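Chemist: Sharing the feature lines straight out of TrEMBL:
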TRANSMEM  7-25  transmembrane segment
DOMAIN    59-215  domain 'Glycosyltransferase RgtA/B/C/D-like'
TRANSMEM  80-100  transmembrane segment
TRANSMEM  132-150  transmembrane segment
TRANSMEM  157-173  transmembrane segment
TRANSMEM  201-221  transmembrane segment
TRANSMEM  241-267  transmembrane segment
TRANSMEM  279-297  transmembrane segment
TRANSMEM  303-321  transmembrane segment
TRANSMEM  333-349  transmembrane segment
Amino acid sequence: MKQGSNQWILIVILVISVVLRMFNFSEIPFTHDEFSALDRLHFDSFSALINEGVKIDGHPAGVQVFLFYWSKIFGLSEQALKFPFIVFGVLAVYFTYLIGKKWFNETVGLLTAATVATLQYTVMFSQIARPYISGLLFSLMMVYYLTKLIQKPEKNFYLNGVLFVISGALCAYNHHFSLLFAAIVGISGAFFIKREYLLKYSLMGVAIFVLYVPHLEIFFYQLSLGGIDQWLAKPKPDFLIGFISFIFNHSWVFMLTILGIALGFVFTKKSVKINWKHYLLFFTWFLIPFLVGYFYSVYFSAVLHYSVLIFSFTFILFLILGHLPNCKPKTNLILVSIVLIAGCYSLIFERQHYTYFYQSCYVKVLEDYKEINEKEESVLSIIQSVEHINDYYTEQLEIDRNYKWYADFESMKELKSFISERFDQYDKLYLGSLHNIDPVAIPIIMEYYPNMEIENNYFGGATYLFSKKATQSGNRISTISHLDFEKDTESFWSYAPQNLTSRSAVSGHKSYLMDSLNEWGPSYDIGLNEIMKGNSNFIDFSVQAKSLEDFNGALLVVALEAGGESIYWTGIPLDALKTSDRSNSDWSKAYVTLKLSDIYLNYSDIKLKAVVWNKNKGMFLLDDFSVKLREGNEVVYGVFNGF
């Protein structure tokens, strides 16, 4: 009766895991990573797939080959490609339960399965047709069949051995980090298998290697490619803290629920005696992949991301819950219900997974473009996206192409010229953009269209509507400080008063002279925390400059310092945006924008400094030095980061 009751609890967990992964299944969009895989499926032969679709990617061939043949049968729609990974995700929940039950007890198995069922980590990757949730499943399968070989080798040894070998080979062909995990599991298993079975177990390891031999050429070729530094930053020392927070949905509700259950049994002295060998083994299975990824990323090339730790993360859960005793079914039902409710609450309401993950920024930049142009007249439209993805959705959504493609601008100067030349023809400007647009684009646009009427923020991007005239909606921009040299002093500014001149000015009657005797111009110094409101903020710096002889490479520089050391530095030539337009052509405006969400800020007492650096001793005038704070997109990286 007890076993039967627990099985009903397991069924409830699995049903909920299916519902969470299949909710609005037809609305789940492709991600950028999936489009990359999709673009590498259009080959006429297997050899072309390997040479042109697998080797260049950096992932093993397994998932790409699977998708190649799967898509030939079921098509290339989102639903067709994602469905098997939904299945993998649900099976991963089941194997989590089996491992917990085998190594600990029924209660541990049910609670860890309930946790995995409701994590955004596993729900999201179950909805992405890439080698992550599949790798989790294969890794758990390998551990499960190793468990059977260790605990009861005399029972179905050869069957379990074959399944262990298959699981290990699937790990190897799935992802390089699941290959690493399989190697760690295989080696560590040798210390737990009974001695009389050690030779046979060693031959299983040989069998896995033999199955992987055909892939070695691809492996070494991909190894020569290095990491993905072009978009993935090297991990910081607090990477693991962020990862643990991500595992638990960045939710104090969920974290305290799990910890409350774990500590509750400790304080009531009802926990079981811990088998420290098992704990050390599980800790090693998580720690080694993390350390390999971390140090390889720091000293060689960036490869460590939350996604590659999915293969081993479940063993953290076993470490937290492994001391729980085997409870009665009623107690299990109560505990599992608490975990499921807390997990679903954090997933649906705190993380808003079904809002942000389901809103593809690639779709929204086009849908918002269409909606605004149907409502508004005289709108100049610019779209920044990924071209092949944009083409896919333009055709699917039947969107016209009466917009300017942002990638056509080779510089911000060209963007400014484009807007300036069309300013008299359009009353408003629409911008649809991804997270990686040059942040200076917004202040350049607002030089001509100063009112931000609409800002729609999405995971991975945003859309805007700017206008010439102010409206009741207002802007999410505030001026922090403005130096026009008309007053004697300004807070947080430093400059030499003797350099003030009245020979020319943008506003007022005074400007600031820079010549061969002045390497450093006016500077602005302030504690970053004194002006920023959140890590998603933008800080826009601008200054007007007029050449008297030559700028000679002078820069507007913005830097962040902590503990007396520079942690961020950027600069732009004062004449980088110099154009001949409707404004006072003698003066040009230079911009630097700090996108705080892209800067590592986990330091104490960060100092912000902006200064004009006349490094080659040019001769020019400065005026209207401005610092503005712009509220940013709090959900731009929200699927992975906390809001």
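Count begins at 1; order follows the chain as displayed.
From the backbone N, Cα and C atoms, a Cβ is placed for every residue, glycine too.
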Chemist: The transmembrane segment (241-267) vs the transmembrane segment (303-321): three or more C-beta pairs under 8 Å (separation of 6 or more)?
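Modeler: By the criterion, they touch.
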Chemist: Hey, which of 7-25, 80-100, 132-150, 333-349 has the most Cβ-Cβ pairs under 8 Å against the transmembrane segment (157-173)?
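Modeler: So the stretch in question is 132-150.
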Chemist: Should the transmembrane segment (80-100) and the transmembrane segment (279-297) be scored as in contact, given a threshold of at least 3 Cβ pairs under 8 Å and pairs 6 or more apart?
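Modeler: Contact between the transmembrane segment (279-297) and the transmembrane segment (80-100): absent, because fewer than 3 Cβ pairs are under 8 Å.
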Chemist: Go through 7-25, 279-297, 303-321 and flag the stretch with the largest number of C-beta pairs under 8 Å relative to the transmembrane segment (333-349).
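Modeler: That would be 7-25.
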Chemist: Give me the stretch from 7-25, 132-150, 303-321 with the greatest number of Cβ pairs under 8 Å to the transmembrane segment (279-297).
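Modeler: By the under-8 Å Cβ criterion, the transmembrane segment (279-297) pairs most with 303-321.
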Chemist: Checking distant contacts: for the transmembrane segment (7-25), what same-chain residues at least six beyond its ends satisfy Cβ-Cβ under 8 A?
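Modeler: Result: 79, 82, 86, 89-90, 93-94, 97, 110, 113-114, 116-118, 123, 126-127, 329, 332-333, 336, 340, 344, 347, 354, 358.
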